[in-house]
Every structure is written in structure tokens, then in C-alpha cells.
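Take a look at the structure below.
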């Protein structure tokens, strides 16, 4: 099932993927008037981007989304393999703080654990 059709079902209150929102969840009819950031066809590639700046932009768009918590919960339940879901980055089915960009890692990676940086300097 395509990502956009799942979102269409969810914003209509359906359960396209076998999981449903808790009954105390946000009123989805209130969201119908406002398009969600992930439904914008001009930004649809951001949610599965390779470049770190595009991923950070997608995460930023999620911050104001009224379905952020439900989106993240659904992605965790479905074990999404990759992409930005609920403002979090998934890589190999795990939530990660930041996705490493394509290509060879930098020699002095600021995101590497302190132990590996000090051992490479020796």
C-alpha cells in the first residue's frame, strides 16, 4: 500500500494498515480542513530523503502536525524500515537521532562516540 493512500485512510478516520488510533485521540474531522505537511505533493520526497538537510526539513515540518504522536506510534507498531515518521528518523527499522549522509564518513565525525574519536587520533 502506498504511503499517500495510508494517510488518506487515516485522515478519514479509517484503519488502512490494521492499527487504529486510541479513542481519546485527536478529532480527525478537525484536521480535514487543513492539509497535513506530509500530504503536500511538493514535499512528498522529503519523508524518504537521503540528504540530511532534507531529512531535517521533514522533521521540522512534523513539529506542528496534529497527528505527530499517532503517526509515530503507527510507524513503531508497523516497524517501518526507513523514513521520517512522526518527526523521528527510522533507519533499518530503528529510531535514530540523525541519519548519516551518503558517502564516506568524515575523518573527524562530530557524531561519533567520544571513545572512537580519541582512539582514531592516537
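Just so you know, glycine gets a Cβ as well, placed from its N, Cα and C.
Straight from TrEMBL, the features:
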| type | residues | note |
| --- | --- | --- |
| DOMAIN | 37-95 | domain '4Fe-4S Wbl-type' |
| BINDING | 38, 62, 65, 71 | [4Fe-4S] cluster binding site |
| REGION | 96-122 | region 'Disordered' |
| COMPBIAS | 112-122 | compositional bias 'Low complexity' |
Lowest local Cβ density (other Cβ within 10 Å) among binding-site residues: 38, 62, 65, 71: 65
Cβ-based neighbourhood (8 Å from the centroid) of the [4Fe-4S] cluster site, residues 38, 62, 65, 71 excluded: 36, 37, 61, 67, 68, 84, 85, 86, 87
Segment-level pLDDT (mean, integer) for the domain '4Fe-4S Wbl-type' (37-95): 89
Residue distribution over DSSP helix, strand and coil in the domain '4Fe-4S Wbl-type' (37-95): 30 helix, 10 strand, 19 coil
